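What follows is a set of notes on a single structure, which appears directly below.
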Amino acid sequence: MIAIGGAIGTGLFMGAGGRLASAGPSLVISYAVCGFFAFMILRALGELVMHRPSSGSFVSYAREFFGEKAAFVTGWLYWLNWAMTAIVDITAVALYMNFFRKYWAPIADVPQWTWALAALLLVLGLNLISVKVFGELEFWFALIKVVALVAFLIVGICFVIFGTPVDGQQVGFSLISGNGGLFPNGLLPAVVVMQGVVFAYASIELIGTAAGETEHPEKIMPKAINTVVIRIAVFYVGTLVLLSLLLPYSSYHAGESPFVTFFGSIGVGGVDAIMNLVVLTAALSSLNAGLYSTGRIMRSMSLAGSAPKFAGRMNKAGVPYGGIAMTAVVALLGVVLNAVVPAEAFEIVLNVASLGIISTWAVIVLCQMELTKRAKRGELERPGFRMPGAPVTGWITLAFLLAVLILMAFDSPVGTWTIASLVIIIPALMFGWRMCRDRVLEIAAARDGDAG
């Protein structure tokens, strides 16, 4: 349940609204295309895990196939992804709280950054208590998300089948044909939104890593990854199809969950508020998982010499508090963004998070391609569960990820500035490696060639 819920987050619950308004019903195609490549990346990860099950993240594969420098870069970029995702989530919580202004007037006087800070402090406190608290919370958060999506799908399908009007308009395909067709704003918006759609699939790799940590990964892995196709078709593509059939694309807008928009249009008072509470828990869930994951990532990197020693500290309850605290400090930048540029905060950090996602996904594919090369040279044997069509599909997947990066540059001004931030990120990684190199190589030598 945690793996399923973890792959469904703020990118879908909040991000889909603004992207529907921008791209229209063609967003369905964008989700389908990104879903295909997300599945291919999972298959690549699945092959790596079957080659060598690892209790850690895929960073150990970067170390095995490309060396310590690659592991250093991959680990920090993956951490960047989660750290920025934490900011996305506290921003989403703040935006969801803004929705309640129409129900309770005093909320209108509360600045957006206050809600962001409150969300961060709440989840940080819960994360620092114990690992058990994290697991319990994440199970129930994930259950709420999945049940809410299933409920929406059932209600939405009933509205379409029975032709029940929504907000005074007939539902169905006439909504698409009567409002500009599949591409109401042209082809370009449908292509440019890809980086936001990629973010919606962020964390899907956790399904692969979680399956790799089971007692019998050779049995669990193929089933876990192959069923992702169904989840993508139902929870992502199916959801976007229904949203397009229930309301005109112009009814949705950034800053509000499209699910809340729909339930607020069916004429039943208070239902939109209930759905808003649900998507708020989804954001808290993602923040909860993100803080815990960064704690594990930073502890692993610290033990490998790639991060400060403080990041590896763990308390008696088994909580990697050092790494969690470091991520929380970075997340405070999100509170500042919500105070300075509240309207743009969500999109700014979403784009930066997408940089981390794209780079880490690329590393997974590159590791699988290197595994294939070594197998052809007879240095190792490929497992039976393989990335289909490799290495051709690997090159196509890398080309897709590169195309998303290029398109991001044209999404002015936020996307353009995001790409420009590479001028800071790349030198920072180079400097960090020079600072850590001796300690990393010393620890690596002590491992006697064990890749983790």
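Any Cβ shown, glycine's included, is placed from N, Cα and C.
Remember, TrEMBL labels are computer predictions, not curated facts.
According to TrEMBL, the features are:
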- 1-418: domain 'Amino acid permease/ SLC12A' (DOMAIN)
- 28-49: transmembrane segment (TRANSMEM)
- 70-95: transmembrane segment (TRANSMEM)
- 115-134: transmembrane segment (TRANSMEM)
- 146-166: transmembrane segment (TRANSMEM)
- 186-207: transmembrane segment (TRANSMEM)
- 228-247: transmembrane segment (TRANSMEM)
- 259-292: transmembrane segment (TRANSMEM)
- 319-342: transmembrane segment (TRANSMEM)
- 348-371: transmembrane segment (TRANSMEM)
- 392-410: transmembrane segment (TRANSMEM)
- 416-433: transmembrane segment (TRANSMEM)
Take the C-beta pairs under 8 A between the transmembrane segment (146-166) and each of 115-134, 186-207, 228-247, 319-342, 416-433. Which stretch has the highest count?
228-247
When you look at the transmembrane segment (416-433) alongside the transmembrane segment (186-207), do they share 3+ Cβ pairs under 8 Å, ignoring any pair fewer than 6 residues apart in sequence?
no
Tell me, please, if the transmembrane segment (416-433) and the transmembrane segment (348-371) are in contact, taking contact as 3+ Cβ pairs under 8 Å between residues separated by 6 or more positions?
yes
Considering only Cβ pairs within less than 8 angstroms, which of the stretches 70-95, 115-134, 228-247, 319-342, 392-410 has the most against the transmembrane segment (28-49)?
228-247
Close approaches to the transmembrane segment (115-134) from elsewhere in its chain (Cβ under 8 angstroms; 6 or more beyond its ends):
86, 89-91, 93-94, 97-98, 283-284, 287-288, 291-292, 295, 315, 317-319, 321, 324, 328, 331-332, 334-335, 338
Top Cβ-contact partner of the transmembrane segment (348-371) among 70-95, 228-247, 319-342 (pairs under 8 Å):
70-95
